[in-house]
Structure formats: C-alpha cells, structure tokens
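**Q** What TrEMBL records for this protein is below:
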DOMAIN    7-123  domain 'Response regulatory'
DOMAIN    148-204  domain 'PAS'
DOMAIN    222-272  domain 'PAC'
DOMAIN    304-437  domain 'GGDEF'
DOMAIN    446-700  domain 'EAL'
DOMAIN    714-829  domain 'Response regulatory'
MOD_RES   ASP56  4-aspartylphosphate
MOD_RES   ASP763  4-aspartylphosphate
Amino acid sequence: MSLRAPTILIVDDEAQNRRLLAVLLRPEGYSTSSAASGEEALAAIGAEPPDLILLDITMPGMDGYQVASILKSNPATANIPIIMVTAHLERTARLAGLDAGAEDFLTKPVDRAELWLRVRNLLRLKAYGDLQDHSANLERQVQARTADLERFRAAMDATADAIMLVSRASMRFTEVNETACTLLAYTREEMLGMGMADLIDASDAKLEHQYDALIAGGLNRDQEEMRMRRSDGATVQVEVNSQAMRSGNDWTIVIVVRDITERKEAQQRLTHLAHHDSLTGLPNRTLFYESLQRTVALARDTGALVAVMFIDLDNFKTVNDTLGHAVGDELLVQFSNRLVECVRVRDTVGRLGGDEFALILIMQDSQQGAVVIADKIRDALRAPFVLHEHELSITASIGITLHPADSSDPATLIKYADTAMYEAKHAGRDTYRFFTAQMNADVLARLKLEKALRQAIENEEFVLHYQPKVHLNSGRVAGLEALLRWNRPGYGMVPPNEFISVLEETGMIVQVGSWVLAQACKQIGMWLRSPSGPVQVSVNVSGRQFLEGDLDADIIAGLARHAIPPGLLELELTETSLMANTERTSDILSRLKQHGVQISIDDFGTGYSSLAYLRRFPIDKLKIDIAFIREVTNNPDDAAIVLAIISMASSLKLEVIAEGVETAAQLNYLRRHRCDQIQGYYVSRPLPTEQVSAFLLQRNVLGPPADAVQAGKTLLIIDDDPFMLEVLSNLFGCDGYRILCAGSAAEGFDMLALNEVQVILCDQCMPSMSGTDFLDKVKELYPKTFRIVLSGQSDLASIIEAVNCGAVLRYYTKPWDNQLLRDHVRDAFSPICGQPRRSAGIGAMATSAAPAIPAA
Ligand SMILES: Nc1nc2c(ncn2[C@@H]2O[C@H](COP(=O)(O)O[C@H]3[C@@H](O)[C@H](n4cnc5c(=O)[nH]c(N)nc54)O[C@@H]3COP(=O)(O)O)[C@@H](O)[C@H]2O)c(=O)[nH]1
C-alpha cells in the first residue's frame, strides 16, 4: 500500500465551490485537484485516477450522472468512490445518482464534518476494496508462479542431466532435480541443505571466487570435467556446465551436471586399445615409444643409464606356418608372460608387432645389467612351451642399445636395438649383441645397396651366368644352373650373395625372379634351336615368389612364349621356402609339375630334411648342400649325412646332385657312392652365356672313373717323411700290390676317395694329424679297410686307445721285423684276415688289438 496522501478530484462548474471544497479538505491532509466540467474531469481521471471524486450533479454539458455512469462502466475507474455533491434534496435526484454509480451524497452547502466523515469512510472502503483486489491479485500471481514452478520442476526432473541451482549469497542449493538426487544418491531435502563444496574437491571460498568470475563474465558458460562424491562414498565422473543468472538482489548459479562415466570408460577403453597390444596386453609400439621418451628425459636429469632391448623370436614364422596361428598366438602370450617376469617393475615391456618385443631397462651402473637381463630371458626360454597339444622350445635373438652412449633419441634407440638384434640373428640366433657404430655404418650401406638395386631393376643391370651340372656315370652335361649376376656400374660383376638377401627382404626378388625366369626360358629356347640342342636349366626360386605374384602362370606363359618342352626347366627351391606357406606353395608346385616342370630341393640337409614333409611336394631331385661336400672325403659326419641323403633319395626314387664339388677326390667319393650328378668348380665355374654355349658342345666332361683303371690289391702308405715312404714302398714293391704313397693325412684322404684301397699303413707321428686320428676317421669313412699304424715307443697310450676303439687293427713299433710286416700285410689282403677284426699280436714289438688292451 502506498503511503502518499489520498488524492481527491473536485468536479464543479463553479470555481467558488471547487475552492471551498479544496479548502475544507486540505487540513485533513488530502491532496486535491479540480475539474470545471464533466469532460475535463474524465480527461483528468484518464491521465491520473484519483482516490475519490467529489462530483457536482448539475453542470453545463456533461452532468454528474453521465460522468458517474461513464466512470463506473469502465473497470479501470469503476472502483473510484464518487460522492455526488448537490443542492437537490429530492429523493429522485439521489436515487438517480445511486443508479449512475455514486457511492454517497453531500448536500450543498457542505458541512465540513460531514464531508470529512464521508470522504474518510469512502476512502477506507476503497482501501479495503483495493486490498481485496491486491490479495486476489497476489493469490493469482502465487498460483501462477506455483504452476510455473511445478512445470519448471517437472521439466527439470524430466531432463537426463542433473540440474542444481546454487544461491551465490548462501552458496547452498536452492533447487535440485530428480536426476541430481539419483546421480548423487541424496534425497532432494538432503541436497537442499548442501552446497557444491560438499560434492567436489573445492572449498566454498574457491567456488565463490569461481562464481564471481562467472557472474563478472556475463552469460558466459563455464564447462569442466570433474569427479563428484555420492552419498555412498563412490565418485562419478561428470561434465559440469555452470551459468550465472540474476535473481532479484542475488545471483543464481545454474549448474548442469552430465554423468560421463560411460563415455570416459569408453574413452579409456579406446585409449587402452590404441596403446596396448590386444593379444598380450603389453604396451604397443606407440606407448612403448612414449614411455621411452619419458624414461630418457628422466634419465637425462638423474644420470641413469637406459638400455633398450629388441627381442625377436627365432623361427617364429615356422611355428606359425607349421602349427597354425592359434599355436603361434599362444606362444606369443606365454612368451610375453615369461618376459615380464624377467624384468623389474620399473622396466617396460612392449610388443612392437609380430614376434618383436622390446624392453626399456633403467640401470644405475654399467651395461652389465642389460647382459644379466638378456641372459635371464634366454634362460627363461629354456623350458619348453606347452601350446595346446604341442610342446616346443624356442630361442630369441636380442639387440641392445644404450642411452646416452649410443643415442638419446627414442626412435634412434629403437632403430639401433633393432639393428643389433639383426646382428644377433646373423651370429647364429639365440644370442644378444650390443649396438656398435659399425652396425650403423652397415645399415647405411644396406640402405645405399637397396637404392642401387632399385635402380638396377630400372636400368636392367642384371645378367645370368650358367654353371654346368654333370652326370657322374656318363660324364656328360646334365644341365645348367642359371645364376644371377649384377653388373653394377663402377663395381663390376657383383655375386648374388651380396644382394640376394636384400632383394628377398625388400620383396624386389619377385620382380627380379620373374625376370630371371623369363630370361632363362628365352635362353633355353635359343639353345634348343642352336647346335647345343636341348639343355635343362634350373632356376632358383625364392619363397616370396610363391607368396606374391603369379608364379605358375608366368612360368607356363614363359615356356609357351619360347616354345620350350616344360621338362627343360627346373625350379630350385630351398627347404625353408618350401616349408613356408605350405598350402599355396604345394598347389603352385603341383600345377607346374603337372605341366612337366622339374622340381629340385636346393641346399638339402640344412633345413628340416623331414621326409614326411617333403613327400607332400612333387619333388624330382635333391641337391646336397655344399657344406656337406666340402669335407665329405675326410669328415665322417659329413660323409655320413651325404650317404644318408643319397640312400634316402634312392629309396624315394629321386635324383641326387652334389653341389660345390671342387676336387677329384670329392667327385670320386660321390661317384663311388652312387650320387647321380655333381656341380662345382671342379667341372666349371658359372660362365657367361657365350662361354657356356661352347661348353655345351663337349661330349664327356669328366673322363673315365678313377678306379675303373686302378683295380687290384692296393696298399696306401702314409708318412710325412719322404725317406720312409721310399723305404716302405720298396719293401712292398716286390709283393705285387699297387702302392699309393701320401705325404700327409689330407693327401691320404684324397687317395682313399680316388682309389679302392684295402690296406693302409700309416705313420703315427705326422704334423697335421696323428696316425691314430687319421685312421679313426678312415674307420668311419671306409670301414672295410685294414688299418695298420707304425710308430715309435713314445705314444703307445694313444695307439692302445685307437686299437681298443677299432680304428687301428695292427700296430708296429720301431724297429719292426720287415719280413713279419710283409707277411702280415699279405694276410691283411686275404679275404679272411682282411676283415676288420682284432687278431693275435704280430711283429717284433707289434701288439694286436684283440682282446682289448687295458689303457694302462
Ligand atoms: N632366388 C635366387 N637366388 C639366386 C639366384 N641366382 C643365384 N642365387 C643364389 O645366390 C646364392 C649364391 O649364388 P652364386 O654366388 O651364384 O653361387 C653359386 C655358385 O657359384 C656356387 N658354387 C657352385 N659351385 C661351387 C664350388 O665348387 N665351390 C663354391 N665355393 N661355390 C660354388 O654355389 C652357388 C649355387 O648355389 P645353389 O643355388 O645353392 O646351387 C646361391 O644361394 C644361389 O642359389 C636367382 O636368380 N634367384
């Protein structure tokens, strides 16, 4: 209610009356205004409604009744009390006034007390009426507001976000929705007694500061992620949007809270996936790199040593290819577990991909710590892995590099460790190597070589040389092996050992191999239609050529293009490439075999040599690896392998060829043991096309077999002393034997390979090898020979040992009885006595080896 003085409008056409009434009212504190006509009165009331009107009835123009009825018919003015002031005393005039809406009458001349009374009463009545209206109004407003609030609450409760209104003045919640209560596990009542500081890690002071900043920033919203505490003590990850809104003299902070627990968990899962290997759960390359970055930065401050270890499982691909990917995966999981157990908690283990793992080791002292871990890992691999129904052992090759010695750059450290790991592989696997500057130089050289090889393909710098293969029984050329050469500008003819591995590792071998096949087919066609005639050419095919490209279609097209009988082309594959991807390789080989192409296994004996496996492939020939041929005449182990391969090939009806034959002795040994073909420098080095064309025109390349012209009883005498050789050959000269003399054990082995020898007489004391050692090997290589040793007294112990193990069948110590020696040699040639056996002692100081002689 207003406290101003009530206003009273006096309407009368006579100025004197207006003045009189004004004068009468003023002492009571009323504020008066006046109008001289009905029209003037309506205009004044429209401009500013008074609290009461004193209205004269009789006025020129619009009279009092008209004014009253207009005012009462207008809701805006209907409640202004009107007192009609009239000189009429008749009842009709008063009734007319009441009809027109006047509340009361005053009769002129107006009595002051009556005027005050009537005015005061009517003003009180009006005030009461106004109050009623005001209350009703207020009630309507309250109802409307309540409805609004209910709608607002319903809307708030219906939202998925939690909404909380905070009074800046009290810092308490003034309103919260249902979602907020559910999210935070409080009732609405509980929450209304709380503030944000009860839910998050922030004090009221800090929040006040924050809200003031929000208020000062106008309507700018503030968004942040945080954790909120629930009533049960758990926390929820939320995203909070805050907005300040004026609320009377206060500010309301509208806080909208979204539960982002699931989003965060999904994000965390994604982040974990992006940084961890899904099979082993170990950090992947990205995370490993980041960890290394952090570790190196830390080590720079603390001065610690950091070792990066690159670990690659040896022959893992074979496990995958032969036992399947499920077994391979299980092996990786078990391996990663063992790896984790080898390091300390502060170290990092990562899987960089495939079978490549890496470690970050923080060490305080020397690089010895890395050696300890490397050995630990190798030891951890000793125990076999049990993988489904398989049990297998595996080794690893490890490369190690150090910060700060080698580099401080994480990428470089990983690269160096990788390089060192390759060195470990080249060193024979199951070992570790530290990175050296030389390795880096090698890597750079390798990159240079790779680039040059790409250019070589573009510039067509490759040529083929051909190396003959010869039939051992006929001595005729059996075929040729096409061997790749790189005519590198500025370097001359580069042999394949210097670049084939790079071609294979980079995949360039597919393109180059295809060129080799096309070139070989073209050359076979040219020879076919030349005086050389048909000649079989073998081509080396790499494992990758089976996996990539269209090998069989290319070969069949190549043969057709040059009109070549398919049998003139032979493919040489290593056992290893045969084993890789067996299904596909076997399919391709079967198609080519059906077409008539010949298949040979190269380097046989160095790989699996598993017959069961080999039988799955349509093979025509086995090529014995050069490693077994080098010492086939003097190393019983190699000889045993060669003989086993020859016998295996024969039982499987496969041809067998020996590669790397360099001596007549090797040739003869192989021929004597029924090897079919040989290839090697003894016959010819690989030749350029023009020279090999001439070679092909020769009929017999080898000449007759050595022992075909050297039959009969043969005695081999070995002594490094030429005088003794002469004495002994003279001694036996008249006994009718063919006598062969060798000045060393090596010569002796060659003689044995080249000749059919029955009895061997060997000096015990030779510089390169003792007689007993020599005869021990001869026993393995030529068990049917009769082996006699001649010696001084000094080394009797080793002779006795040799006798006991059967290497020596007779021995004679100086001075021996020549006649007795001749008699016993003659006996040794006889079919009965010549059997490898132990006989009674012979000779002046001779001791037999039967029964065995105690070593003492
Ligand atoms: N995928 C392809 N591999 C190829 C191709 N051309 C060659 N090669 C392979 O490169 C390796 C080395 O070949 P190369 O230097 O030509 O050596 C061959 C012969 O020269 C060598 N050999 C022959 N006889 C002797 C000998 O008496 N002594 C001796 N020390 N070496 C000798 O042996 C190599 C032939 O080996 P192989 O193929 O196993 O029969 C070699 O592995 C080639 O296979 C190609 O086009 N593609």
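Even glycines carry a Cβ here, placed using N, Cα and C.
Automatic prediction, not curation, is the source of TrEMBL annotations.
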**Q** Hey, would you say the domain 'PAC' (222-272) packs against the domain 'PAS' (148-204), going by three or more CB pairs under 8 A that are 6+ residues apart?
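**A** The domain 'PAS' (148-204) and the domain 'PAC' (222-272): touching, yes.
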**Q** Please compare the modified residues ASP56, ASP763 by how many other CB atoms fall within 10 Å of each one's CB, and tell me which has the fewest.
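**A** Ranked by other Cβ atoms within 10 Å, the modified residues ASP56, ASP763 bottom out at ASP763.
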**Q** Cα-Cα separation of ASP763 (4-aspartylphosphate) and ASP56 (4-aspartylphosphate), in Å?
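**A** ASP56 (4-aspartylphosphate) has its Cα 170 Å from the Cα of ASP763 (4-aspartylphosphate).
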**Q** From the DSSP assignment alone, can you count helix, strand and coil residues within the domain 'GGDEF' (304-437)?
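**A** Going through the domain 'GGDEF' (304-437) residue by residue, I get 57 helix, 40 strand, 37 coil.
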**Q** Summarise the model confidence on the domain 'PAC' (222-272) as a single mean pLDDT, whole number.
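**A** Mean pLDDT, the domain 'PAC' (222-272): 90.
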**Q** Looking only at the domain 'Response regulatory' (714-829), what are its DSSP counts of helix, strand and coil residues?
**A** 54 helix, 25 strand, 37 coil
**Q** What are the DSSP helix, strand and coil residue counts for the domain 'Response regulatory' (7-123)?
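**A** Going by DSSP assignments, the domain 'Response regulatory' (7-123) contains 56 helix, 24 strand, 37 coil.
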